[in-house]
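Student: The domain 'Major facilitator superfamily (MFS) profile' annotation in TrEMBL covers 89-511. Look at TrEMBL and you will find 12-37, 143-160, 167-186, 192-213, 225-248, 340-358, 370-391, 403-421, 486-506 tagged as transmembrane segment.
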Amino acid sequence: MKFETILEEIGGFGPFQIAILILLSVPRIVLPCHFLLNNFIAGLPPHRCDISTLDDGGLFGNLTQEQRLTVSVPVREDGEPKSCEMFAEPQFQLLANRSSSADLPTVQCQSGWVYDNSTFTSTLATEWDLVCDRKSLTKTTSTIFFFGVMFGAITFGYLCDKYGRKSTLLVSYIMAIVFGFSSAFANSYVLFAVLRFLTGFGLTGISGNSIVLSIEWVDTGHRSFIGVIGSLAWSAGNMLLAGFAFMVNDWRTLIMTVTAPLGFAVLTWWWIPESARWLLANGKVEKAHFYLEKCLKFNKREKLSSKLKLETLSSIEVPEEQDKNYTYLHLIKTPKMRQLTLLTGIVWYGVASTYYGISLNISGFGLNMYLTHFIYAAIEVPAKLMVYCFVNIIGRRKCQAGTLLLTGICIGINIFIPKGLWHLRSAIAILGKGLSEASFTTVFLYTTELYPTVIRQNGLGYTSFISRLGVSVAPLVLLLEDVWTLLPQIIICSVAIIAGLVSLLLPETLNVRLPETIDDIEKPRLVN
């Protein structure tokens with residue numbers, strides 16, 4: 001007897017599964033608040049050279065602040081002071097004729113910078129002067145964070161399959177809380193970067209476990225509902241991040257604000273059940289029976305209690321390889337597993353680099369950054385609901401390919417639209433963002449259905465590692481706009497289209513039972 005048969009009899013979708021979804025919603029809300037936090041804590045406010053040290057009490061000291069700026073700092077074409085240059089010597093003749101400043105000798109800022117604090121009280125850039133020739137260090141913090149996520153994916157993928165979903169989830173909570181709060185008190189850029197790496201490392205366990213626990217407790221017919229509706233917590237957290245950032249303008253306080261909800265998550269961890277599917281796959285029959293009994297009672301199916309006990313003890317099909325230690329090498333040991341591993345890796349890289357390439361670029365559309373971020377987050381809700389409909393109508397594979405290809409097309413269209421038509425560019429960018437989120441939602445559901453139970457978390461760990469590699473590169477790709485303005489968009493567009501085409505080579509999983517062992521992958525699976 002397969003696990004799905006028992007799950008359907010005791011209630012494959014009921015109050016028990018809804019409770020799991022709710023208990024895991026708080027930590028899932030925290031995830032986007034950290035993953036996209038760099039949009040705000042690394043904000044670069046308008047700035048200019050600090051000229052206060054030039055006041056020597058002579059002629060310069062008798063000038064007004066506006067006149068001091070005129071003789072000390074060159075201006076851009078729009079009339080605003082340049083950010084990184086100042087005149088080598090005060091140019092008093094500019095008080096009479098400002099138009100002749102173009103050919104005057106300039107030097108880099110000598111005494112630091114003065115920042116416009118109207119939007120941010122404090123950011124990483126203002127804290128450690130990450131401007132001008134050090135400007136790239138603000139985006140580097142995002143890359144370092146995602147490197148932590150990347151290595152955390154590999155580590156937690158192995159730990160979750162070896163020690164279970166629930167225990168490693170608690171480790172993730174504690175790591176994220178400790179290193180998240182610690183990063184808010186960092187007194188140097190290097191220490192902050194290290195703590196952000198460790199925060200990302202810890203958060204990865206939450207990301208993978210919450211999805212797998214939700215999916216493994218529901219029957220085949222409701223997997224897409226749990227996968228898609230459960231992911232709305234990400235969209236809620238994404239929208240909340242815009243609100244938090246708008247109200248909290250200091251980067252240290254903002255980090256503490258978005259980390260605090262994990263304290264509540266730790267308290268609710270005690271009520272989260274271990275995956276009965278994982279317990280059975282690893283031969284822990286008695287413990288699986290304990291949680292199945294809980295599910296049965298919670299879903300008001302007490303009449304089946306004796307039947308469940310009999311089935312648990314004698315009839316449940318337990319994989320013969322239950323005592324085998326699975327590692328990442330099992331992802332490439334057999335032919336079809338090798339093919340699955342390669343294809344899912346390419347798709348995940350494309351999905352993640354496209355989503356974050358769009359999400360981390362919230363300027364240039366004529367809207368303020370908080371509104372742009374909120375709209376980008378809000379469009380995810382209808383995108384997810386669209387996915388819920390389409391994955392059950394046209395299947396996972398076509399939905400995955402379609403959303404990626406359409407995302408690439410939207411990015412490609414914006415390459416050719418003049419910047420003056422910012423209304424049209426904004427609309428297409430928002431549509432592209434929604435489609436990229438739809439592809440992300442689909443790939444999470446799709447991947448959990450592709451990998452067998454015995455190495456499912458290893459498979460998700462591997463794909464998460466590959467995706468975070470794409471995410472880590474995304475901020476660096478955006479820096480290429482200094483080389484050629486259109487280059488980042490061309491790269492992201494190409495990656496999305498290639499990943500969309502590759503996803504067409506994956507098998508369809510609509511109405512197919514979850515694979516339990518590697519043999520289920522190498523042999524054709526049954527349709528329910």
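Yeah, the Cβs are placed from backbone N, Cα and C, and that goes for glycine too.
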Student: How about the transmembrane segment (225-248) and the transmembrane segment (403-421): do they have 3 or more C-beta pairs under 8 A, pairs 6 or more apart in sequence?
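Tutor: Contact absent: fewer than 3 Cβ pairs fall under 8 Å.
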Student: Are the transmembrane segment (12-37) and the transmembrane segment (403-421) close, by which I mean at least 3 Cβ pairs under 8 Å that are 6+ residues apart in sequence?
Tutor: no
Student: Under 8 Å for C-beta pairs, could you tell me which stretch among 143-160, 192-213, 370-391, 403-421 has the largest tally with the transmembrane segment (340-358)?
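Tutor: Between the stretches 143-160, 192-213, 370-391, 403-421, 403-421 has the largest tally.
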Student: For the transmembrane segment (167-186), name the stretch out of 143-160, 192-213, 403-421 with the most CB-CB pairs under 8 Å.
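Tutor: Stretch with the highest Cβ contact count: 192-213.
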Student: Can you work out which residues elsewhere in the same chain, 6+ from the ends of the transmembrane segment (143-160), have a Cβ less than 8 Å from its Cβ atoms?
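Tutor: Distant contacts of the transmembrane segment (143-160): 34-35, 38, 168, 171-172, 193, 196-205, 207-209, 212, 327-328, 457-462, 464-465, 467-469, 471-473, 475-476.
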